[in-house]
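Features of the protein shown, as given by TrEMBL:
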- 62-285: domain 'Anoctamin dimerisation' (DOMAIN)
- 288-871: domain 'Anoctamin transmembrane' (DOMAIN)
- 299-326: transmembrane segment (TRANSMEM)
- 377-397: transmembrane segment (TRANSMEM)
- 460-487: transmembrane segment (TRANSMEM)
- 507-528: transmembrane segment (TRANSMEM)
- 555-573: transmembrane segment (TRANSMEM)
- 671-694: transmembrane segment (TRANSMEM)
- 722-746: transmembrane segment (TRANSMEM)
- 826-847: transmembrane segment (TRANSMEM)
Amino acid sequence: MQMMTRDVLLEMELEEDDDDDGDIVLENLEQTIVSRFGSLESQQDFRTPEFEEFNGKSDSLFFNDGQRRIDFVLVYEDESRKETNKKGSNEKQRRKRRAYESNLICDGLQLEATRSILDDKLVFVKVHAPWEVLCTYAEIMHIKLPLKPNDLKTRSSAFDNFNWFTKVLQVDESIIKPEQEFFTAPFEKNRMNDFYIQDRDTFFNPATRSRIVYFILSRIKYQVRDNVKKFGINKLVSSGIYKAAFPLHDCNFSSPSEDLSCPNERYLLYREWAHPRSIYKKQPLDLIRKYYGEKIGIYFAWLGYYTQMLLLAAVVGVACFLYGYFNQNNCTWSKEVCDPDIGGKIIMCPQCDKLCPFWKLNITCESSKKLCLFDSFGTLVFAVFMGVWVTLFLEFWKRRQAELEYEWDTVELQQEEQPRPEYEARCTHVVINEITQEEERIPFTTWGKCIRITLCASAVFFWILLIIASVIGIIVYRLSVFIVFSAKLPKNLNGTDPIQKYLTPQMATSITASLISFIIIMILNTIYEKVAIMITNFELPRTQTDYENSLTMKMFLFQFVNYYSSCFYIAFFKGKFVGYPGDPVYWLGKYRNEECDPGGCLLELTTQLIIIMGGKAIWNNIQEVLLPWVMNLIGRCRTVSGAEKKTPRWEQDYHLQPMGRLGLFYEYLEMIIQFGFVTLFVASFPLAPLLALVNNILEIRVDAWKLTTQYRRMVPEKAQDIGAWQPIMQGIAIMAVVTNAMIIAFTSDMIPRLVYYWSFSIPPYGDHPHYTMEGYINNTLSYFNVADFKSKSKENPYTELGDYTTCRYRDFRYPPGHPQEYKHNIYYWHVIAAKLAFIIVMEHIIYSVKFFISYTIPDVSKSTKSKIRREKYLTQKLLHENHLKDMTKNMGVIAERMIAVVDNNLRPKSD
C-alpha cells in the first residue's frame, strides 16, 4: 500500500501541468512544522475520507457519531457525475484531491464525507482536528490560551454614575453573558498541566479550532513535481478542485439550534447586534471577537468608536448651521443682492463669449441666501473645532485600541506570519543569507525587484493621470455647457416662475457636472479595484499583511484623487484664474475659464460634497444589502426543488456568499474616504458629520446583517490594530488643517467681508461713519467699459436688458479711465495679505493645539499599563514558580542520593 501511494505521487510528477501559480519550491516546511503524525510517503495506508449518509440532524455540528466536532468543511463536485467530456481533466483533479485529503489524514486530521441532499454531484468533506493535533499546532502558532481566571480586569467607565441611562444602551447580560476573563500565555505542550483545562472539548473554542485547521489546510501538499511542492487549500479552491472551504456557523440566524449544547452565538449576534431593533444598543464586541476573531472585532470596535466621536462633531456642526440659519436675516450682503434697487440695478458682464447675455445681479438672490447658511462666522469656529476634534479622535482611539489589545490578548502577538503561497511559488533564485550564511530562496533578484517596483509605480501613475484627465473632461464640460445654459435659461427675473429664481446657469452647470462626476468616479472606482489587485499580485508581497498594506496604499491613493479631485478643483482653482472681461483667460486656447457666483464657489463646493457623499453612501448601502441578498435568493431558487427536505448545517452555509480573501478591506476603504470628506472639506459643509453619523449608524447594522445572515463564516484571524489605515488617517488629519484654512481664505468670502468691515467701510477708504457691511456688494464688484470688449465678445447679440456702456464683474480692479485701469486695486492687496495671515495664524494655532493634545494624551493609559505589567508578573510567576519548585525538589532528591552513595563508599567496611 505504501508503494501505491508513492506511485500516485510519481505519476502526478510526470503529468504536464500549466497551473504554475501553486508551485511551491521545497522550503523548510517540514522543519518548521514538525508533525508527529508522519507524512504521506511514510504511511502504510492510502487514506480516504469515510463516506456517511446524512443522519437527518440539520442543526448538528458534529460527525455522525455525535462526538467529533466539525471544524472545517471542504466542498467539491464529484468528477464521476460531472456533465462534461473532459475525462482527463476530471481524473487529474480527482487525483490531486485524493492526494491532498490523504495528506490531511496523515497529518492527523479526521475526515468524513457526505453527499449533498439537494445536489447529488456535490460532496461535503467535514474536517475534525483531534486533541493532539490542536495542541501541536497551538504551540507552533504561539496561540495564547487560559492559565487561570483573571480577577484583575475591571471595566470602569466615566459614565458609571449614569447607569440608569446607559443600561438602556447596553446589551442585556442575561442574554449575552460576559465572557470569563483569564490570564493567558502561549501554549506549550510540556507545560500542559499549568493551563486551565477543565474540559478538553471546550478548551479550544470553535474559532481557535477553525484557525488551527485553516493553518494546516493552507500548508498541506497535494502534488510534487521536480522537487517542487504544490500545497494549500486556497490554490485548490481557485483552480476549481474544491468549490469552497469554510468553517461552519453554529446555528440558524433566525432561530436557536435544537441542539441544547449549541451556544447559539450566531442567533444572539443577529438578535442583539444585527437586527434593526438593536440599532440604539452598543455592540457586543466581546462576542463578535469570540465568534469572528480579533480582525473583525477590531474593525467594528473602530467603526463604533468613530461613530460615537462623530456624535460630538455632528452636534457642533448642527449648532453652527443653525447659527447661520437664524442669522440669515442679518446677512446684509445677501439683502443687497436681492434688493431690486441695488442688485436689480447692477448689470453684470457676460460670463462667456458670443452666446452669454448681460444679466442682473439679483438673479442670484436665492443662491446668496443659501450661501448665508454656510458662509458665516460659525463655519470658521467649526473648522477650528474639527481640527482639534480629529486629533482627539485619533489619540483616544489609540488608548481604546490599547485597552482592546490587553482585553483580547494581542499585546504580544507572537504568531510569526507565514509567507504567502503565491510568494513561495516564485522562489526560484538561490542567495546566501547575510546573517545565517545559509542558502535561501527568493522570488527575484534585486534588479528584478527594481523592475517590478518601477512597472507597478508606472501603472499606478498612469491611472492617476487617467483620473486627472477625467477631471479635465468635467471642466471642459462645465465650460461648454455653461454657454448652453446661459443661452437657454431665462435671463430676466420677473418673480412669476420659480425656475427663474432657483435654476441659474451656474446652478444648472454645477448640479449636472456633479452628477456626471459622481458617475465617472464610480465607474473608474470599479475598474481600478481590479487593476490595483492585478498590480499588487504582480508586485508579489511576501506576507498577507504586506499584501494588504500595499493594496491599501494603492487603493487609497487612487480613491483620494478619484473622489477629492473635483472638490479640490472647485475649492482652489475654479474662478481664481479668469482674468477680467476685456482680457479673459482661456483653457487650451478655446474655452474661457468659468467664474464663481458673485458669492464665491463655496456653495458649489457644498453641492459637490452633498452629491458625492450622499450618492456614495446610498449606492454603497444598496450594493451591500441587495447584492448578497439577490445572489443568495438566486441560489435558493436553483435548489427550490429540494426546499421541503431537511438540509444539514454545512449545506445551508455553502449556499451563502463567500466573504472574499480581502475581508473587510473595502469596508475600511469606504469609511476612510468618508473620514476624508468629513475632515478635509468640512468648512464648506458643517452638516457633513451629521450625514456621516446617520450613515455609520446604518453601516454598522448593515455590515452586521451581512456577516450574520448573508455570508459564510470567515476564518477567524488575529489582529492588534487597524493596520495601515491608522497612518492614513493621521495624514488626512494633518492635511485637513491646511485645506480648511484655505477654503475659508480662498473659497469663501469671509476674509474680503472682514477686510471691508474693518478697513474699507470707514474713512479713509469708505464713506460710512461707523463699521458696517452696507455697500459691500457695490465695493467688491469692479466696473468694465463695454467698448473695451475684445473682438471675441464685443458683438454680443444678447442685449435684452438694454444698451449699456458699463457692466460689473467680480474682482478688485481699478475702473476704466483710472491711470491704472483694470489693474488690481489697494483692496485686492489688503485681502491677499489678510488671507495669507489668516492661513498662517490658523494653521499654527491648530497645529500647536494638536501637538499639545498628542503629547499630553498617552497612547496607553496608566491603568492599562499597570494591568499589562501585573498580568506579565503573575503569568511568569505561575508558569515558572512550579517549574522551579519541581527542579529544586528534584535537585534535592539527587543531592540526597549522591550523599548517600558517598557515605556508603567512605564508610569503613566491617569485618
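Using the three backbone atoms N, Cα and C, a Cβ is placed for every residue, glycine included.
A mean pLDDT of 83 is what the model gives for the domain 'Anoctamin dimerisation' (62-285). Long-range contacts of the transmembrane segment (377-397) within the same chain: residues 302, 305-306, 309, 312-313, 316-317, 319-321, 323-324, 678-679, 682-684, 686, 689, 726, 729-730, 732-733, 736-737, 740-741, 743-744, 748, 750, 842, 845-846, 849-850, 853-854, 857, 859, each at least 6 residues beyond the stretch ends and with a Cβ under 8 Å from a Cβ of the stretch. When Cβ distances are compared across the two stretches, the transmembrane segment (555-573) makes contact with the transmembrane segment (722-746), since 3 or more pairs at least 6 residues apart fall below 8 angstroms. With respect to Cβ pairs under 8 Å, the transmembrane segment (299-326) is most closely packed against 671-694, considering the stretches 460-487, 507-528, 671-694, 722-746, 826-847. Residues 298-299, 302, 379-380, 383, 386-387, 390-391, 394, 401, 545, 548-549, 552-553, 556, 571-572, 576, 602, 605, 668, 672, 675-676, 679-684, 835-836, 838-839, 842-843, 846-847, 850 of the same chain lie 6+ residues outside the transmembrane segment (722-746) yet bring a C-beta within less than 8 angstroms of a C-beta in it.
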